[in-house]
Amino acid sequence: MNKADSSAEGALPSVAIRVDQFEDLDHERLKLLDPSSPAPILTPSGQIRKVKSFTDTHKIRDINVASGAASARSLRPYDQVTAYPDGSDSGTNHYAPSVRSLASIGMGCTDGRKMVIRRVPTSPTELFHLVRPPTPPDEDTASHDSDCGEEEEDAETVHLKPRRPFWANKIQFVLACVGYSVGLGNVWRFPYLCYKSGGGAFLIPYFIILLVCGIPMLFMELAIGQYTAHGPIGALSQICPLFKGAGVASVVISFVMSTYYAVIIAWAIYYFFTSFKSEVPWASCSNRWNTPQCWVPNHNTNISKPNGSQTPTEQFFEKKVLSMSDGIEYPGGMRWELAACLVCAWVLVYFALWKSIKSSAKVRYITTTLPFLLIIVFLGRSLTLDGADKGLRFFFKPDWELLKQSRPWVNAASQIFNSIGIAFGSMIMFASYNRFDNNFLHDTLAVSLINAVTSLIVGIFTFATIGNIAFEQNTSVKDVIADSPGLLFVVYPQAIAKMPASQLWAVLFFFMFLCLGLNSQFAIVEVVVTSIQDGFPDMIRRRLVYHELLVLCVCAVSLLFGLPHIIHSGIYIFQLMDYYAASLSITYLAFFEMVAIAWFYGVDRLSKNIKQMTGQCPSLYFRFCWLIAAPALLLALWVASLVDYMPPSYRQYQYPAWAQVLGWTIASVSLLCIPVYAIIVIVRSPGTSFREKLRNSIRPTSLCDCGVADCDLCCSESEPPDDKVTIT
């Protein structure tokens, strides 16, 4: 068969064959190869559907009466089968398939009861295996964990047809979600925001928002991602086109976060290599960057920390690592050592993501599991330090007066969204690689529980360490150090410097922190890459061709946007970006995402979709939170954050007015996505009146290509016809 014939046949409409159960495999194959045998039955849709697994195939008899969520959802248009009409040269009055299409019956997905149309054999050997195939797989192995023998693509053209792959198993999916949760969100942001918000006064709103918003929204996002098999932009544009801007906004925020999260990884890399010196340089005041204000705490001298003094760890971070200027208006030059570390960080991210989840899933086996062991080790060590009980009292004993302020509540909401990954598009993206019938309720509970427990463990060993520092400095816990993004790089090194074999502990700690940072960065960058692939598949296929080039472009652009964070005034830019992009905007985005899905798409429709995937409806707790509790709480938090708005600051430094305008400009890039895209969608919607256009703009797009009217069980029509491939 030449290529011209193949392309000509590919343009013809497809037909489907219904294969019923039979007992004699060889006898039935010979009947199919006999032109005088009865013709197969064609479905009214005129399309062949490929099934995901052995257990689903026997359920399908006719697409019009297809039942069962897994079977209907997994149907996809596939190969062509040419049929002769009545009275043709085939010599039969039946719809007999041609010789070419007869040879298209595959041999890799049959166990004696069902067959799937695959492709035309290209050699006598393939045709021989068609008639006398190898031993079929056992029923035990023919489960949902297999992909029914995906056909191999030509090595030279596989990149031209990008596919959305499957996770190889549930462990990979859970590790991806846990890796993002137990990343920078827990180890860096949680202690920083908890200390900034008054310790115990932060924990109460943290767990309230986790129960009311965190867990229900995580469950909702996993459902939407798994059901639509798209990233945040594609998923929300199918669920409610009017709020497609919410998906765009989540990708914009993820991109902004990827630029300065990589800077945190660069700091960790710098500390990691510095830890190999014979003596850790932050242990004393005898280094060239130290100033007369450097002070080494010593509890035996019973001297409190002098005003204006700094510990060696503070001066190492600010004078040596950052080489800080006096303000954002004094940019200074580039910190070339940090620039090299930033490039190294992006190289690690690129080679972990260049094969999509096929490569990143394997990396997470190490970067997710190893840090847990080290966290437990550091927890045990921190609890034995002098003054640890002082820090733990600050962590667990709330100041009730602080709960009357909005700041602890807003910070707690920001921490929930950042740690679990909701409203950032990460969980929608991860779930889009799931199989349709995956029970994600178990995943939701597992990820939420692990996230909460890890936050508590990290908080315990962080505040136990801060208590030890307060004990050494003869001061209160709240006055130990100013609440800055560098809290982690000041507190932990100071405690490590007093440990025996401090170099070894420093290497282990910053290697753990590097792994956790990479886990968070993987998820954030994958959101951007997946959204670009979903939004511009044709352009990516024509211009970039290879998936690796797309990942390279995203990493290179993010690297360029991250360079301003490593100049001498970079820490002020870092604080500005984190305040406006990750804290102020996120409750606004989460509210409109909840409105789009729970109110416009509808809780009843979402519950029906979840039942189609898992076999059971969500509980009353989830439906109440989606419909009433979560939107009300998010709206109240967002309004409170605007009413009690306070300009950002870095310790005693107050940002100038032009810097605050710059911050609001950064925030508006994501905030304006929702109303701007809503206007565009309404204008482009069909209809003659505004009311008709609005009605069409909130109507879910067709999610089915199976031929059944108004069916919403199948994939989007925008997806390529190829089925997913399993990552192993």
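Cβ from N, Cα, C; glycine included.
What TrEMBL records for this protein:
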type	residues	note
BINDING	GLY179, VAL182, ASN186, SER419, ASN451, LEU516, SER520	Na(+) binding site
DISULFID	CYS285-CYS294	disulfide bond
REGION	127-156	region 'Disordered'
TRANSMEM	171-190	transmembrane segment
TRANSMEM	202-224	transmembrane segment
TRANSMEM	245-273	transmembrane segment
TRANSMEM	334-353	transmembrane segment
TRANSMEM	365-384	transmembrane segment
TRANSMEM	412-433	transmembrane segment
TRANSMEM	445-471	transmembrane segment
TRANSMEM	504-529	transmembrane segment
TRANSMEM	549-567	transmembrane segment
TRANSMEM	579-601	transmembrane segment
TRANSMEM	621-641	transmembrane segment
TRANSMEM	661-683	transmembrane segment
Legend entry - Intrachain residues whose Cβ lies under 8 Å of the transmembrane segment (412-433), provided they are six or more past its termini: 164-167, 173, 176-177, 180-181, 185-186, 189-190, 193-194, 197, 202, 205-206, 208-210, 213-214, 217-218, 221-226, 228-233, 235, 247, 250-251, 253-254, 257, 357, 440, 447-448, 451, 455, 523-524, 526-527, 530-531, 582-583, 586-587, 589-590, 593, 634, 637, 724
Legend entry - Winner by Cβ pairs under 8 Å against the transmembrane segment (504-529), considering only 202-224, 245-273, 334-353, 365-384, 549-567: 245-273
Inset, instruction - Might you list, by sequence position, any residue in that chain lying six or more from ASN186 (Na(+) binding site) with a Cβ less than 8 Å away from its Cβ? - result: SER419, ASN451, THR454, SER455, VAL458, LEU516
Inset, instruction - Tally every other Cβ atom lying within 10 Å of the Cβ atom of ASN451 (Na(+) binding site). - result: 26
Inset, instruction - Give me the non-local Cβ neighbours of CYS285 (disulfide bond): same chain, 6+ apart in sequence, Cβ-Cβ under 8 Å, ordered along the sequence. - result: CYS294, TRP295, VAL296, PRO312, GLN315
Legend entry - Annotated stretches the transmembrane segment (171-190) and the transmembrane segment (365-384) touching (3 or more Cβ pairs under 8 Å): yes
Legend entry - the transmembrane segment (202-224) versus listed stretches 245-273, 365-384, 579-601, 661-683: most Cβ pairs under 8 Å: 579-601
Legend entry - Entry from the recorded positions list VAL182, CYS294, LEU516 having the most other CB atoms no farther than 10 A: LEU516
Inset, instruction - Determine the Cβ neighbour count for SER520 (Na(+) binding site): the number of other Cβ atoms within 10 Å of its Cβ. - result: 29
Legend entry - Any further residue of that chain within 8 Å (Cβ to the Cβ centroid of GLY179, VAL182, ASN186, SER419, ASN451, LEU516, SER520) of the recorded Na(+) site: VAL178, TYR180, SER181, GLY183, LEU184, GLY185, VAL187, THR454, ASN519
